[in-house]
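Everything on this sheet refers to the single structure shown next.
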Ligand SMILES: Cc1cc2nc3c(=O)[nH]c(=O)nc-3n(C[C@H](O)[C@H](O)[C@H](O)COP(=O)(O)O)c2cc1C
Ligand code: SF4
Ligand code: FES
C-alpha cells in the first residue's frame, strides 16, 4: 500500500531546499521499491523546522525536520515511513507544542491540505461557507460578517461588515471585489502562506464577498515579489472555474463571479487601497483623496469592496460556523483570531494564529524561544516599517488593537520582528526615513521631501553635529509629516523614528559626543 | 490598413521590439486597466521595457507617451535597460536586517564589485534591492531570478556563486 509523504511547496520551504528533498524522497523510494506518494502541501508555519516532512501513519501525521536531501537515506533506514525514530523526528505533528497551543481558524487547512486539490479542500470543510451563503440574501451575509466582529487584517482594522454594507447599499450595475495581496510589510508572510497553502479559501471568501455586495468581478492584486503565490492562485482559479465554482453560474446558483490575478509593480505604496486601485486601473500608484470611499466609488469609479487576503480568507469559516463561533475568540473589540507572523532574530520564527490577547512576551519568548543569536531581546517592531519600536521593557503588552493604540503603536498586518541587543536604533530610525523616501508616491510634500530631510538630519545627529538642535528639528519634522501627510506612509513613518529616539536615546549620541565622553 | 499609416508617424523602432510589443498589446490591450499587464508582458518578452517601445505602447493604448513613461518609472519592477543574465534581489527590510542583512549586503556588493542597480562588467549579474520577499521567517533572504533563498550567509552566497560559475 502506498504511503503518503508531505513535502511543502511553500516558497519559504523551497528557499531552504524543499524541492531537492522532495526529489530525494521520490528517488530513494524508487530505489528501495517502496510505494510512496509525495504530496506538496503548504507550510505549517514552523519555519525553523522547514523543510518539514510529514508522513501519514496509523497514528496520524508524523513530522521530521529540518530535512536536507542527504538526510533522506537515513530517514528511510529509520523506517520513517512508519513513523520510526530519527534525530530529526518530532512525533505527531498535531502534538508539537508550537502548533498545539495555537487556535487556527483561518489557517486550519494551511500545511494540511494539497493546495491543488479541490477534493482535499472540500474534505476539510471547504466550500461549506459558500454553500451557506448561496441560501442567504446579500443583507444576511453582510449581517453575519458584521456580527462576527471581523476587522480588516491588512492594517487599518476597519470592520469588514461596515465596508461591505456600504458597498451593498451603493446603487450600481457593476461592482468589484478586490483582494489586497500586496503584503508589503517586513515581517509579514501570512497572506503568502494562505495563497500558496490554501488558495481555495481566498477564492471562496472573495466569491462570498461578491454574493454579499452584488459584485460579479474580482481581482487579486498580487505583489510581483510573489511568483510562487501567482502560480498557486492561477492554478486554483482554473480548477474552481472548471468545477463551476467561479464563472457565470457559481455553484449552479445562476449568479456570476469571475476572478483574475493582477501583478503589481514592486511599489510599497500600492498596498494602500486607493493607490492599489489606481495601479489596477493601469496608472501610477498614487494615493487618492478620500472621500469618496472605495466602497462607493472604487475601481473604475464603481463601488468596490477591498480587503486584505487574511480578512477575505476568514470569511468562509464565519459563514460556515456562524458569526458567534468566530466572535467568541478574542477580547474587547478585537474579535476572532489574528495570524501573527513572528520573524527577525528569533529561535523559532513562524506563523502563530491565536485569539487576540496573547502578550508580546509569550510570543517572542514562549513561541519564539528568545533570540536566534542567544543574546537578550532589545526591541520588537510590530506592524511593519511604519510600526513603532517597542523596548524589551514593554513586552507584556497584550496583542490587541486597543492596547497597541494606547501604547502609540499598531498591530498592522500582525508582523512581529525581534531584534537583539546588537541593533543600532539610530540606524533603524534612519532606515525608516530612507524607506519612506524611496517608497513615497510623491503626492504630498511632507512625505516626499520630509523623509529625505529626515535622513539628513539623523545623519547629522549621529555625526554629533549640533545634536540637540537637530533633534528638535527632527521631532518637528516628524510632527509635520504626521499632521500634513495624506496617507499613513508619510503619516506613520515618524513612529519608528520617534519610538527609537524616545526609548533608545543612547544610540543617537553622535561620534563627537562619544569622543568627548 | 489603419495600422500601416499610423506606424509611419512613429519613430523608427527596431523590428524585434515592434513585433514583441504588438504581440503583447494585441493580446492584452482590451482588458480593463491593461497597462501594467502589458508592461509585464513586454518586460517578460524583452527583459526590459525599451525606450523605443514607449511610443508604440502609447499609441496602442491611446495614451500619451508621458503617461506611459510616468507609469514605467513609478514602479521599481520595470527596467528601462537590459539586466545582466541573472538578477539578484537582496532583501533590505527589517526582519532581514535583524538577521545580518547589512553584512550580507556589503559582502555581496564587494564580491560582485557593484552597487545596487548595477550590472557586473561581464554582464552576468544585476543587483537590486528589495524591501521584503515575504520570507522573513527565513531571514536574511534573497531571490535569484525568481528563485527564493533563505537563511543566506556570505558563505552560502559564495558557494552559490561558485556553483553558478560557467
Ligand atoms: C502605506 C500603506 C501600505 C499598506 N499596505 C498594505 C498591504 O500591503 N496589504 C494590505 O492588505 N493592506 C495594506 N494597507 C492597508 C490598506 O490601505 C487597506 O486598509 C486594506 O487593504 C483594507 O483591507 P482590510 O480592511 O481587509 O484590512 C496599507 C496602507 C497604507 C497606508
Ligand atoms: S503620505 Fe506619501 S505616500 Fe502617502 S499620499 Fe502623501 S506622498 Fe503619497
Ligand atoms: S524582511 Fe527580508 S524577506 Fe521579509
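Every residue gets a Cβ built from N, Cα and C, even glycine.
Feature annotations, reproduced from TrEMBL:
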- B:91, B:96, B:132, B:136: [2Fe-2S] cluster binding site (BINDING)
DSSP three-state assignment (helix, strand or coil) for residue B:136 ([2Fe-2S] cluster binding site): helix
Least Cβ-packed of the binding-site residues B:91, B:96 (other Cβ atoms within 10 Å) is B:91
Which number gives the other C-beta atoms within 10 angstroms of the C-beta of residue B:136 ([2Fe-2S] cluster binding site), all protein chains shown included? 33
Chain-internal residues, separated by at least six, CB under 8 A from residue B:132 ([2Fe-2S] cluster binding site): B:91, B:93, B:95, B:96
